[in-house]
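Working notes, beginning with the structure itself.
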Amino acid sequence: MPPSISAFQAAYIGIEVLIALVSVPGNVLVIWAVKVNQALRDATFCFIVSLAVADVAVGALVIPLAILINIGPRTYFHTCLMVACPVLILTQSSILALLAIAVDRYLRVKIPLRYKTVVTPRRAAVAIAGCWILSFVVGLTPLFGWNRLGEVERAWAANGSEGAPVIECEFEKVISMEYMVYFNFFVWVLPPLLLMVLIYLEVFYLIRKQLSKKVSASSGDPQKYYGKELKIAKSLALILFLFALSWLPLHVLNCVTLFCPSCQKPSILMYIAIFLTHGNSAMNPIVYAFRIQKFRVTFLKIWNDHFRCQSAPPVDEDPPEEGPHD
């Protein structure tokens, strides 16, 4: 007999479904926009597509699994572990995609003349593939043995039970907090976030330095180039800020769980932290629509062409910006 669902769980499920209904179409629209608009084909937007793929998977896979875990089915330990791991993979993929985006924007302003020879489509594809492979390695580490199976088996045996342990499937029952804090947070989340902050600070410094130079007749193109770079950098830095704002609360709560086992964590705080992590997947398309004109124009064209059955003006497919003296 399936477990009964309380009113609180019903509200939780309703919010999660709402997040998924915003996240999946929004990020599919991002991928679609890059496909139809030639001006969105440079390396940065390829990394944005990788980020959007992870966000689609959060809405289509992680949120349904989170709802399943919230209902609390009884499963075998490794079944529950496989349900818990996808969110770890996709979180890591998002972080690495954001790091790749930051490095790409840095190279655009640091070496604008050599950028196209350094950041080739092949290298961008290799970087994206590498990010996903590393994400799977980090996210599947609990399946390789760094989990709570030993504790569960001891508790199972102490109750006089035999065979493979069956548990109420909850994230903290199968995922080790040592893994989440020491390995996941301290190695694969916090350092990349700090590195990205430093990279964006350097990007803004380099752009401001170029824009502060005396404008002359011959420097119009560089001024235009760095002006566009500044706008895009601000938008991408906002994406990074929202990601950190969405994910750090949950990691802080994990640290509390590990370092202060006797401390009480109000369940409402846990739910808010979980909603923030899932909701982050729905935020990015909104930022793109409001802050990056090429996305906004392409979104409107897709809407008019495919959903309103009304032809829209052609998308302004300007070629990707060249360096200041190309």
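Cβ atoms are placed via backbone N, Cα and C, with glycine included.
Note: TrEMBL annotation is automatic and uncurated.
For 26-288, the entry in TrEMBL reads domain 'G-protein coupled receptors family 1 profile'.
According to TrEMBL, the transmembrane segment annotation covers 12-33 (among others).
For the transmembrane segment (45-69), the list of distant contacts is 12-13, 16-17, 19-24, 26-28, 30-31, 34, 80, 83-84, 86-87, 90, 93-94, 97-98, 100-101, 104, 121, 124-125, 127-128, 131-132, 169-171, 274, 278, 280-282, 284-285, 288: same-chain residues at least six beyond its ends, Cβ to Cβ under 8 Å. Taken from TrEMBL, the feature transmembrane segment applies to 45-69 (among others).
Among the features that TrEMBL reports, transmembrane segment is placed at 75-103 (among others). Outside the transmembrane segment (75-103), and at least 6 residues removed from its termini, the chain residues within Cβ reach (under 8 Å) are 44, 47-48, 50-51, 53-55, 57-58, 61-62, 65-66, 68-69, 127-128, 131-132, 134-136, 138-140, 142-143, 147, 149, 152, 164-167, 169-171, 173-175, 184, 188-189, 192-193, 195-196, 199-200, 203, 236, 239-240, 243, 247, 277.
Here TrEMBL flags 124-146 (among others) as transmembrane segment.
Under the heading transmembrane segment, TrEMBL lists 185-207 (among others).
The annotation transmembrane segment is assigned in TrEMBL to 232-248 (among others).
Among the features that TrEMBL reports, transmembrane segment is placed at 268-290 (among others). Here the transmembrane segment (268-290) has long-range neighbours at 12, 15-16, 19-20, 22-23, 26-27, 29-30, 48, 51-52, 54-56, 58-59, 62-63, 66, 87, 91, 235, 238-239, 242-243, 245-247, 249-250, 253, 296, 299, meaning same-chain residues at least 6 beyond its ends whose C-beta is under 8 angstroms from one of its own.
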